[in-house]
Amino acid sequence: MSKNSEFINLSFLLDHEKEMILGVLKRDEYLKKVEDKRIRKLKNELLEAKRRSGKTHQEANRVCVHCQKSLGLIFDRGAPCQACSLRVCSECRVTGLDGSWKCTVCAKVAQLRIISGEWFLEEKAKRFKQVNVLGTDVVRQSILRRSPGSEEIQNQEQAHQGADKSDTLSSVRQKATHDGPKRKGFLLSKFRSATRGEIKTPKAESGRSYSLDLDNQNLQSFKSVSGSDRGSTTSSDLTDQEAGRGAPKGSCSNGGIPVTQRSPAPSARSVTSISSREHGFENSMALATIESISEELTKSHRRNTSGTPSIAVSGTSLSSERSRSELDLSESFAEDLEDTSSIRSRSVPGALDKDLNSLEDTEDGVDLVSSRFSANTHSLASGLSTSSQAGSDRKRSYLHVPDADSDTTSLNSMMSVYSETGDYGNVKVTGEILLHISYCYKTGGLYIFVKNCRNLAIGDEKKQRTDAYVKSYLLPDKTRNNKRKTKIRTGTNPEFNETLKYTISHTQLETRTLQLSVWHYDRFGRNSFLGEVEIAFDSWNFENPCDEWFVLQPKVELAPDISLQYKGELTIVLRYIPPEENLIFPVEQPQGKKIFKKGKKKESPAISGGILEVFIKEAKNLTAVKAGGTSDSFVKGYLLPDDNKATKHKTAVVKKSVNPQWNHVFIFSGLYPQDIQNACLELTIWDKEAFSSNIFLGGVRLNSGSGISHGKAVDWMDSRGEEQRLWQKMADNPGTSVEGVLMLRSSMAKCRL
């Protein structure tokens, strides 16, 4: 939609009419959340049913593919499903109104398609262009938008209240009206001088305290006043106002309202909380500025839909020379192992389930040392953590995040690998942490404002010293790209006043759990664990954010069950061409890799063996990792046990979409019929990052599921359910294309049976 058509003229409505409409929109938003939870529950049930299917071709199809019940020869023989043609018993059937029946899995798929409205969205996409703005959002924005006339009236009223405030607001509006074109050049020059360390952060005038509720009306009115001055407000402008806000237990904040305490309730890993909330957000002025900047960046990065899809083919002779930005982070940690899963197994997060011992403590120490060094030298250090205290220096990183985030967020360290695997120390956990959690629905920004801690344990008993910092993850993702950290603060009652930001859609956020842990930094030894708190967002109320105390809990070691985490779906088409039907010519070298020599041209050798064609069609509901709720995704494929880079296949990168369509063909040659039972097709989906390592989004493995390849036990022959069924169906029908929709794994570690 164009910028002009995003608002409707609703100035004729009265105030109470606007409130009634906003109330209806609020109820509509609540019902959408309830519906999203129900759809997510159905998806998890469907995923669990497919995982539970097990082996589908045992004893010549004489078992039910879903419940594994043995079928008889005469009685209780079972029948093939009319949708998927798999033989199921009488108990695994669902009868429709017209008398026809489907298996339980196909019935759940059809039910999910109807309830989620996927069929309607597909038909809508065929008839209309892609529309990113909902009608309810347009109405809400139109109501909350201030007209120029109302602004002038308010200016006159405020002029009688105080000369200082009216002068400030009028100057801001004057800049918004006349100096708009000059603002871009001013910000550019300010950024250049900031990188040289020439700008000194101004302090707030006379310690004034600005309190602004994170309500939509106040937030939008703040945007209309300071719309052109976005980006020029630094996070340190509010620091003097925020000094002394971390009130201890029993004291008051936010103008006399007592800060309530959350006592965590038992949970699976550690304990989270129930409480009463207070209203008001002291730091929402800075967040409003961030939100307005992120809004502009989101609009400027919208993707134009392309026309008809094209099909690309990659052969087995693709060059192994890749740019460093395409290589995965874990390839730099490759070891000389004789196992067939050497490089390939470390290119996916299967290592999340392995013991990495003291790697976490080491990388935490390196990150924090580099952040201290960068504060003095203005260098582009690894971890970017910008405090809201006065006088703190800005540090920028080359990570792929919007520029607006650099003033208010703590980004992950570039030197991190994986977390939470080492020794946690033997410090007795005590104390509490004060947090303010808010979410911006427009930009998809989750803001965790870490204020302070109190009554922490002593980290170093010998020196009687505590150097604390806070680290956060959005579970179950504990990769380095999902980590945020604060700066180090000294004492058992440290003041942080830092904002940790995540960009994530609200639907995805409801499936995540925030883990905040406090650590003692030891420069010459191991970092010590001081406590943690976990906050589940499935029922969190973001409408009225407030300051809350959380009691720190000890570490609880539980192996997370990540096999049922929904990461999206991948649609592929497989076809195996046996050697006797192979009429495909040798695949040419890619352009740019040809070597021209004088003399007689040599003929390319013919392809021996069979051909495996893998048509990568599309993916749906991928995890959004970029600002605006999108991803730049591509698919990478191996035919194990051959994991050489020369045989690696890649699709093109589809930008700014969580439902990409690749229409790309992978061709693997030299595959004989007897090799099918020993081979494994591994497909992984990655988010392309320009200046850092690619981010894993999910993957699948297709094989016989025997656990053995060429007489050796391997961990990658672990297919179950739909993955195993599709591979076996391809082997049983050579020359025929078979299509399947596969649930993506959240980790490429060996599947637990």
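A Cβ is built for glycine as well, from the same backbone N, Cα and C atoms used for every other residue.
Annotated features, as they stand in Swiss-Prot:
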type	residues	note
DOMAIN	7-123	domain 'RabBD'
ZN_FING	64-106	zinc finger
REGION	145-188	region 'Disordered'
MOD_RES	Ser147	phosphoserine
REGION	221-283	region 'Disordered'
COMPBIAS	224-238	compositional bias 'Low complexity'
COMPBIAS	260-275	compositional bias 'Polar residues'
REGION	298-359	region 'Disordered'
COMPBIAS	305-316	compositional bias 'Polar residues'
DOMAIN	429-550	domain 'C2 1'
Helix, strand and coil totals (DSSP H, G, I; E, B; other) for the domain 'C2 1' (429-550): 7 helix, 66 strand, 49 coil
For the domain 'C2 1' (429-550), mean pLDDT (0 to 100): 89
Residue counts (helix, strand, coil, in that order) that DSSP gives for the domain 'RabBD' (7-123): 58 helix, 12 strand, 47 coil
